[in-house]
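Input: a single structure, listed below in structure tokens.
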């Protein structure tokens, strides 16, 4: 409450002396992201140019995996130390629901496209939450060992469930999301019906029953780095992970691994600004967001990592990898060649069913 | 067996040597035999090899060379638990997690005695050391003296023929120690067991033992009954180590008819009994017990040698007087006199003459 | 003088009673001692006692339902959950006003998340409904606004109507009640002057309207920091007016109303005459048919109390049913299994630590100090490497294409196509955790064994015991306190472990702590996490108590 009163007070003062406050932005900010190659791409594409332009000191934190819990704890303690946080869309929705992230009006706070299209239209459907500014489109998809799959490499998602044609271990994420959808798809459910079926008790049973057929051959992963490692060690024949991780296994580490783009599940990653920041910090965070999510900046990020920019206007600007010098467009999950059969993560569905299905999924795993 | 073996010896050490590091010998050529029922004390300063000897006898150390025999049988290759030797340790080594009765019952149990047998023996042993009512207590609940008695009872409860004691009274205060000294000897003689007792306390050794083996530098310096040890030390180490002793350094002038004439470093001549000196010209250390020095001329023998002395200090000690003198350059020459009504109290600075019987003055190795 | 001392209490030298001066002297000592440990006490209080108390509290706390839907939970009490019918209009009416304010304060989604733990789908129901609160009485609001040339669009007029003019006594009771309601809803302080007091007359004539406007006034003044008289009232105010005017007897009330803005209000009432009265239930059902779902209402009713056993029931695979606690469906039962598994595996890990650690500690305790110190470094080496590195190293060792399997295949002990599965199962967890926790076993054992005098063994042997008997009857019992201390350490550490089981445990080797971590950081179901944690704490205390009873806690030594 104190914070709120303070903000209210600050707001009133700001009204009295708008000029003095308008230019007043915090000269230090903490940006939270996932670490690794992904954080690097953000630092290269956004933070370094921004710091150069404004002289602001940027502190990088790698806590995105626990962002929701930590923000909630910070909020309860009344001391939010983060300014901009990179989260997946589902987490952004939860943060928004919990009142932990501030709402952002895209047209007011974000840059329009170079051709004048408003930010709202440029991002389009990807604005899945009022608090969320999408940044990249990534996908969860499969990679396989080219040397362990015989003469006919897997081409369909259902090959994951085919132990006869492709014996060996598979790596799947230790959570129901995506796995349940794939299981239903390969159990004869039409793509458009997947979530309707999954809503029902029988549908959930059906998906688990399908997963049961390969349960003994699955290594369950919980960190994004697991599958690439398992593939590199030859522990698994195929495994799901984020497409950017597979890109680096294939192109940067030169492992005998190839992508199976079929039924890749699109998901979004982007920024939120925590609720309850002081005016100076909020102004700084908004200024950073405005800079970091403009058309050119989003396209720049693709030089360092194979995730698709969230703006429609950025797609044509995607160039070559900064070090390897290869064209990045064919490695984007959004590339037409790769996205013949795709799936979009259903946020609403999982926000509702996550707890329920997760309980069943974990109980099934423990059986 | 071997020729050296004494037919009635119960415990025998024959040419025993012990080295820990392969470079120096801790025990050098030890020969010792004791008959059944004897109470033998091994006395010596720390590091003299006495405890090592005890441990070799108990089986916790193996002799590097030589033979140890028990009742005529070599025990070199018999493990400690089969030797049947009772042992009392310096810190008593009562098992803290067992009651007193359980501690005593332990050696009987491992020997497979029945329950009623055990209980009877434990009770008898505890009664013997007057600890009959303490059977249910734990060692930590007992005083040092009580623990000592229990340790003794435990070493005796399985009726061994040989008991070893490794400085068992070291942790007790003086009064209790004297009491226990008496009790232990009493018990040992009463039960007729052979005892080997290790200590560095000479009073203990003298009061308790049938014979004392004085150890130094890995050898037995003298093996003798207490009185002989005191009265007739075989060498200057024993003389120094046992009791209080005055020494004067000099050179043998001549040895004749069991008497030696010694010229002290100050030039004075005195008559002594030669012990381990053999020829004139040899350096010697003359030993005189403080209580055998006489300064009352009337009590001196006719023709006795006398020496000039200066009184430095007079100490009143109740039953005796202790006077420190300067004699032939030695500032720490002590004499002891009984506190009797006719006794003169010497004053510091007084010049006197002192003398002694030649038998009381022993010319030893230098 | 001497007479008084004899008859009265004993006095000290200065004449005060001895007892009192003694007490004073002791008090000084106590205060000084207390001040000495005060920093530690405060530290423990802040970092240990308070968090545990907070956890215990969270595991039963359930204020959010009653705080957010303060009126609804009261009206819903009347509803018979067994009837099979959705509640009546009154409940939906309460829900509308509760939800409207909650949506303004953005609290409804929190409640949705909370209730979604119990009933799938409530989360989106609350989220989507919160966006559509304007659907209620759309026509009515428009009619009121249009009446008398839009006079009721004026914020100032509403302010005057609701205060009842300067002559009105003011209903401070109502203001106070709504203040505390808003404070509970938002968790903010709603004290201080807000520049508005509802009029006594109007709140008696139109109580619903007065409540709705007071909520609005409080929110605007406190949360937004605006002036009440300058802000347009919420739709809920218009809806409340329409509802009360159209209710039976409403026409008479408005006709008899003489306070400020009477003419405008009467005109608005007239404009409403053509419209059907607002049906809250119908509108809710139109927004989402799930509002008719009995299951949802049952959940809200079941979780209305401010404290709930629901989290604890959930922790032991049960749930709150219509008639009390009942078992969860079998396909959702997991926690009992995990608790059992955690206990079992922790015991196995403790056991293997004892087996592996005892000989090591024994060797360390019996070696010369120099060598022992060197070996101790090897024992402690695992402490100096990061937990993740050690665990990942085990992965490299144990996996099917890993070092051990490679060696076995090379030696021909195992066929290449039948490599052993040693990781991502219980075996992997036990191996990795035994390795990680071994020092915690060895250290207390070592320090206890160091204090065992070797003469005990000699004494035992001299008394006729063989090596084994001497060890088993004399040495081992004395080393038990070390085993006890090590076991307690290892056991308690291992039941709380989650990183290692997460990495090498696969599906069969995960612990209850992994679910606690999941509920803390992923599902955000902190209440359930707290309940699981509380049970774990209780189990530890229970085992500790049992240990004390069986072995005796004074038999635990760390050295």
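Cβ coordinates come from backbone N, Cα and C, glycine included.
TrEMBL annotations: computationally assigned, not manually curated.
For the ranges C:322-343, C:344-365, the feature annotated in TrEMBL as transmembrane segment maps to C:344-365. Check TrEMBL against the ranges C:480-499, C:500-519 and you find transmembrane segment recorded for C:480-499.
Under 8 Å from some Cβ of the transmembrane segment (C:524-547) lie the Cβ atoms of residues 52, 55-62, 113, 117, 310-312, 314-316, 335, 339, 342-343, 484, 488, 491-492, 495-496, 512-513, 515-516, 553, all in the same chain and six or more residues away from its ends. Packing against the transmembrane segment (C:480-499) from elsewhere in the chain are residues 342-343, 345-347, 349-350, 353-354, 357-358, 361, 387-388, 391, 433, 437, 440-449, 511-514, 516-517, 536, 539-540, 543-544, 547, 551, 555-558: each is 6 or more residues past its ends and has a CB under 8 Å from a CB in it. Taking Cβ pairs closer than 8 Å, the transmembrane segment (C:371-389) reaches residues 360, 363-365, 435-436, 438-439, 442-443, 446, 499-500, 503 in its own chain, all 6 or more past its ends.
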